Amino acid sequence: MTVQGETAQSAGPLTTEAGAPVADNQNSETAGVGGPVLVQDQSLLEKLAHFNRERIPERVVHARGAGAYGTFTVTADVTRYTRAHFLSEVGKQTETFLRFSTVAGNLGAPDAVRDPRGFSLKFYTEEGNYDLVGNNTPVFFVRDAIKFPDFIHTQKRDPYTGSQEADNVWDFWGLSPESTHQVTWLFGDRGIPASYRHMDGFSSHTYQWNNAAGEAFWVKYHFKTDQGIKNLRAEEAAVLAGQDPDSHQRDLRTAIERGEFPSWTVQIQVMPVADAATYRFNPFDLTKVWPHADYPPIEFGKLELNRNPENVFAEVEQSIFSPAHFVPGIGPSPDKMLQGRLFAYGDAHRYRVGINADHLPVNRPHATEARNYSRDGLAYDGRHGGAKNYEPNSFGGPAQTNAPSWQPIAVSGITGSETTPLHAEDNDFVQAGNLYRLMSEDEKERLIANLAGSISQVSREDIAERAIANFRKADADYGKRLEAAVQALRG
Ligand code: HEM
């Protein structure tokens, strides 16, 4: 490999894609001197055609990101909660790949913006790849997948102006009061991390763990940065985003090049299944956290990132992560957002990278092998050779295990378009108010200034007022100060 900056030494003849030598890579072939270009110059045509096809569709969300390989190490025994092999003993290590991202920006967007950060982690386990596709926030804006495309439309470019519009953002949030908690988080100090290394990660969703005795537990994952939390103020971020749009990506790559391997302490909150029905908050509502006083986090692992990808397109752009990639001992919860995501990611991968996306080097299992009867499709690599492509068969092909990865859950009632049930202390504002009241006076001031700066750009009074009303419901002081700050900016 020629390293950037080195003088390239010839590594033998330049060839076409078919391996034939190329005589001239500087001048295309013409009819006579100064005449038109000839169709017979196949190396020119091939080069232009390949160039036209260099891009694949960018991710519809989280398009902008950076990734690195690493190691997950078990640091405490969790076998009483899960039978997942990669968590089976203290000291056990599993190779990982982590992709960080922002949500709303396109592929070339700046890193230092106010936006949640994606935290997509692939564990290459001996029982198959396990993906946790989380964020740096423990909660989300909405609690039903059916609202996700509408929400994202308000974060992306307006169909008429072609830009992100404050009107759309605040219209949707004002009309979706369940977003108040996550919006408070986003406009607070943690809304613009200084780098990917200086932020936490969360599963956000509740998942199921189940042990060898068949007992199930509801769990939430937390990845606490060992580098310490560092954030950017709005003014600092605005400068950095302009001066170094790739700031987070560069920071991650160069830290690993220097041997400063970032790490996270991995914790789990565990809720006994029997608690779920009567817990004060609906444990499957993604707009809520489980307060640590109720379910204290238990430390069980260390995640370290220690190797940069060699090729960003092959390993980061083509990487795929799916919340539906489980291994035995881990499974879904009935969280309505998660359930929608179980469909959405595989569908996105098939569109964006193709039907054989799972078999690219970064995506395929590294500690086991994928063995099934699916075959062929675009860019199939022939990995099954001549093996039989049907089941059952009499030729010793792979067979089902009869061992489901997760435990069944109890359900009740009849089918219907139901809202997420409210538990005793549930409403859309309680945890947003709690978060506000936890902040220091300085933090509150910055939160109000950040929110007011954004809401004051809204063109319609009713949209701005509806948005402010949600914060008022979270905390009277929060609403009052925000209203005054918006009025001061609007004049
Ligand atoms: C029902 C709600 C959601 C839907 C339908 C959805 C859909 C998607 C889709 C289609 C992608 C692009 C995937 C690709 O092209 O490879 C994506 C990426 C992503 N989503 Fe979601 N999403 C939802 C909610 C969430 C939530 C709640 C989180 C975090 C807790 C999240 C975190 C991410 C991350 C981190 C990525 C980037 C994955 C990567 O690095 O490749 N999403 N989402």
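Each Cβ is built from the backbone N, Cα and C atoms, and glycine gets one as well.
As annotated by TrEMBL, active site applies to His62 (among others). When secondary structure is read from DSSP and collapsed to three states, His62 (active site) falls in the coil class.
Here TrEMBL flags Asn135 (among others) as active site. In this view, Asn135 (active site) is surrounded by 23 other Cβ atoms within 10 Å of its Cβ, with every protein chain counted.
Residues annotated as heme binding site in TrEMBL: Tyr345. Mapped onto three states, the DSSP output places Tyr345 (heme binding site) in helix. Taking Cβ-Cβ distances under 8 Å and a sequence gap of 6 or more within the same chain, the neighbours of Tyr345 (heme binding site) are Val133, Ile320, Phe321, Ser322, Pro323, Ala324.
The compositional bias 'Polar residues' feature in TrEMBL is assigned to 1-13.
The domain 'Catalase core' annotation in TrEMBL covers 15-399.
For His62 (active site), applying a Cβ distance below 8 Å and a minimum sequence separation of six or more within one chain yields Ser101, Thr102, Val103, Gly118, Ser120.
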